[in-house]
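Participant: One structure follows; several queries about it will come next.
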Amino acid sequence: MATTSEINNDLSFSVVSIVEDVLQQHSSRSSDVGLVSRKVEESSLRRYEAAGWLRDMIGVSNGKDFPGEPSEEEFRLGLRSGIVLCNVLNKVNPGSVSKVVEAPDDVADGAALSAFQYFENIRNFLVAIEEMGLPSFEASDMEKGGKSIRIVNCILALKSYSEWKLKGENGPWRYGSNMKHNFGSRKLFLRKSSEPFVSSISRTQSTDMLSTDQPLSSDGDSRSINGLVRSFIADRKHEDIPNVVESVLNKVMEEVQQRLSIHNEMMKSSSKPIPEDDSSCETVVRSQLCDARQHEEAEENSPPQVVEKKFQRTNFEHHEEQKILLNQQKHIQELKQTLYTTKAGMKLLQMKYQEDFFHLGKHLNGLAYAATGYKRVLEENRKLYNLVQDLKGNIRVYCRVRPFLPGQESGGLSAVEDIDEGTITIRVPSKYGKAGQKPFMFNKVFGPSATQEEVFSDMQPLVRSVLDGYNVCIFAYGQTGSGKTFTMTGPKELTEESLGVNYRALADLFLLSNQRKDTTSYEISVQMLEIYNEQVRDLLAQDGQTKRLEIRNNSHNGINVPEASLVPVSSTDDVIQLMDLGHMNRAVSSTAMNDRSSRSHSCVTVHVQGRDLTSGSILHGSMHLVDLAGSERVDKSEVTGDRLKEAQHINKSLSALGDVISSLSQKTSHVPYRNSKLTQLLQDSLGGSAKTLMFVHISPEPDTLGETISTLKFAERVGSVELGAARVNKDNSEVKELKEQIANLKMALVRKGNGNDVQPTAIPINRERISRRRSLETPTIRPKLPTMGNTSNNSRPQIMDLSGPEAFNDSTASSRRHSLDIHELMKSSSPAWPRQPLNGKDEDRESKSGEWIDKHEELIQNQNPNSPEQFYQSMVPQQQSLYGGKQDFEVQSITDNESDEAATSDCSDSDLLWRLSVQVNVPKVSNIQNSANPKPKKIQPRTAKLSETRSLIPSLIPAPSKRPPNTVNSQPQRPTRDGKRRLSLGT
């Protein structure tokens, strides 16, 4: 019995396990389909419930009956107009929708509605629902593809609210607690059939737990299997049940046969045969089959109408799913086509962009090459322009616009309209004439944002030319408060970025001189002067005395104020100390227009002397850095007392500067340099051979527009002045030697002419050097000398005129002159004469001097090479004929610059004697027979009153006693095209 019970337990356990496995497999396959179908069925039942309640509430509307069990499309079309919803809401809560827009009776269900009707009814319904606190939906849910489940929820909530009101509004209304859904008998059947399934599972679990202790009876096994089968097929369709039962039976039979075969083998091997008894298994299978048949019969006995409806509903849902699937596939195909088109377009765009980039690169390369060429041409043009400016001698004019000071911003308004490379445009209002924009052109224009370094870098080549032997003048001009002192010096608190032109210029000179120290040795010294109330004062005086200093133009070493302190400097620190000392001594005060107004003109003069270590030649250069005091109007500056006197002197000196510029621009014969100490100090720069730069400053404030326009007009007039090409101040050893030889010869001639029988000093003449220099020089005009064979009285030498007014235009007061009498000159020694630059004529004079020496030696050799006394005796008749009789004279060329210089400049005794040594040509002997007993005449000095001087200069050569009738020319002629001016002199 024990063995039989074990076999039964084994078989019963196996049958239950097999049934559970088969049911789990079928449940896993159909779980998804069942879940979807249950959800669809549940939503349909809710929709039917909502439609039934609406049908009960409104009945027939507009001759149309609302369907009791509509589909989603029918449900949406019935509610799309909003009339049904608004009417139901007014019945539940009267007055919720004040106005319902009715539709015509003949409008079909799917026809398009008017926009007003559609939006008015639906909007009013949704507003009222939200005010009542009920679940709402979107207006788009009424369209095709919308979420109808939200419409159903809203209607069911409204139904629950209506039922709550009908019950007397007992307690607070809650939609979740009050909502009762009646899903029909089918739902109740599902709910009832689920209970034995749960109980069967619990029983199966308890049976499994107790299987090891107690044997199971056949009745319990059959009940457990029956419960499992019933619970599984409860929610299945009719067509699925036979398949499930068949699979269960097949599986059970296979398992039973396998178990029986194993059991038979075990029985054969045992000693006691066990009778086969499979009655329990057959009983279980039969019971399950009976239950399945009963369930099928129950399903078949259900009404055919319900089955038909379910079938139609399933087909409709299947068709809807097919439509959705087809639409999705269609959208996928469209997206694929769009993606393909986009990729093709992107490839085309990529190719096009690559082509465009290639062409753009070629174009940019061409532009870059053109820009490089343009910069190169622009730089070359700038160099050529500067070269032309140097050759013409034009005064360079730079303009700088001061930025607005803190607290002076006038709402962004500025008198300056536009600033270009070399043009500045001023906005001119109507009160200054014709309103509009007026441009002014200069060499360079700096805007308010320009730095000190940018300003100096543009004038750096001009500053460096001082080391090459040129004279340079840079002066700042403008009204008071326009930033002149800031440009030239810098602010009160100096930094490396704010250093002015004065500091930067000297630092650059030190740097360049240090670079050239292997070839040239430079000595740099500084003077610092100021012109205060028309008095020249030394700002570097250690004792603090303000003694009056004299200005001497055309001095041999370029120092126009020799009495001022000349301090050698070798570094930037020395310059800063000197500048600080000068700024402390300079006159500065406060006015209504400027807190630190300069009350004087400041001039920093840098003297440079360089010596070439190879040739020994000496270069002289000077640079004037002038900070002019600003012009000011007394009514604006509000000055009185001493400040008023200072302003008057400042305006007077600036007015004199304007007169000088006007005369130079008009190229008049007389330039009034002596009208002011300022113009007298700047005479060498304005009328000489210097490179001059005027830095004009203006203010951007509209209040100073009048002064700005006048300043710019004056600067334009300055830019039109031509001074002539600048010259290098250079002395070489050959010129110095020739000057000494000519001075010794002239002194010997003068002594012999006075009857002093003095043997001349032997003068060594370096013929090789003279011939080499003559070969390098250009041909010059030689004086006409008669031949030895011509002994007639008509053969008279031509000499330069020294007695006329043109020869002594450069004159000063007699109190500052040394005596030029011949007797006093004889008593003095003959030192080496320094070279005096006389407007570019030094080279011509040197060549003429060399030629005169050649003629002089040839004359001595022809007369008597062994008797030098005879040569000096033969010069006595020449002296006699020199002062008596008819003479013709030739004057060398004098340029306009010389005449301008000579009109107002001082002339020292060394300058005059140098002119005598160069211009006077000794004539040849006209009569050798009368040279034995010479009768020298005593020289009678004659004074000539000059037109523009205050002193009388004695003439070295008296005028002839008779005036030629046809050769008198009282007025100097205008210079011809070749620059020559010839005069005939009489008494």
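Using N, Cα and C of the backbone, Cβ positions are placed for all residues, glycine too.
The shown structure was predicted, so the numbers you read here are calculated from the model rather than taken from an experiment.
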Participant: Among the residue ranges 365-394, 575-604, 725-754, I'd like the one that Swiss-Prot describes as coiled coil.
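Facilitator: Here Swiss-Prot associates coiled coil with the stretch 725-754.
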Participant: Gly478, Gly481, Gly483: which of these binding-site residues has the highest Cβ count within 10 Å of its own Cβ?
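Facilitator: The most densely surrounded of these binding-site residues is Gly478.
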Participant: Reduced to three states, what secondary structure does DSSP give Lys484 (ATP binding site)?
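Facilitator: Note: Lys484 (ATP binding site) is helical by DSSP.
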Participant: Measure from the Cβ of Thr485 (ATP binding site) and count the other Cβ atoms within 10 Å, all protein chains considered.
Facilitator: 26
Participant: So how many other Cβ atoms are close to Gln479 (ATP binding site), meaning within 10 Å of its Cβ?
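Facilitator: For Gln479 (ATP binding site), the 10 Å Cβ neighbour count is 24.
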Participant: Based on Cβ atoms within 10 Å, give me the single least packed residue among the binding-site residues Thr480, Ser482.
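Facilitator: Across Thr480, Ser482, these binding-site residues, the one with fewest Cβ atoms within 10 Å is Thr480.
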Participant: Taking only same-chain residues 6+ apart in sequence, whose CB is under 8 Å from that of Lys484 (ATP binding site), what do you get?
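Facilitator: The list for Lys484 (ATP binding site) reads Ala476, Tyr477, Gly478, Ser598, Asp627, Leu628, Gly630, Phe695, His697, given in order along the sequence.
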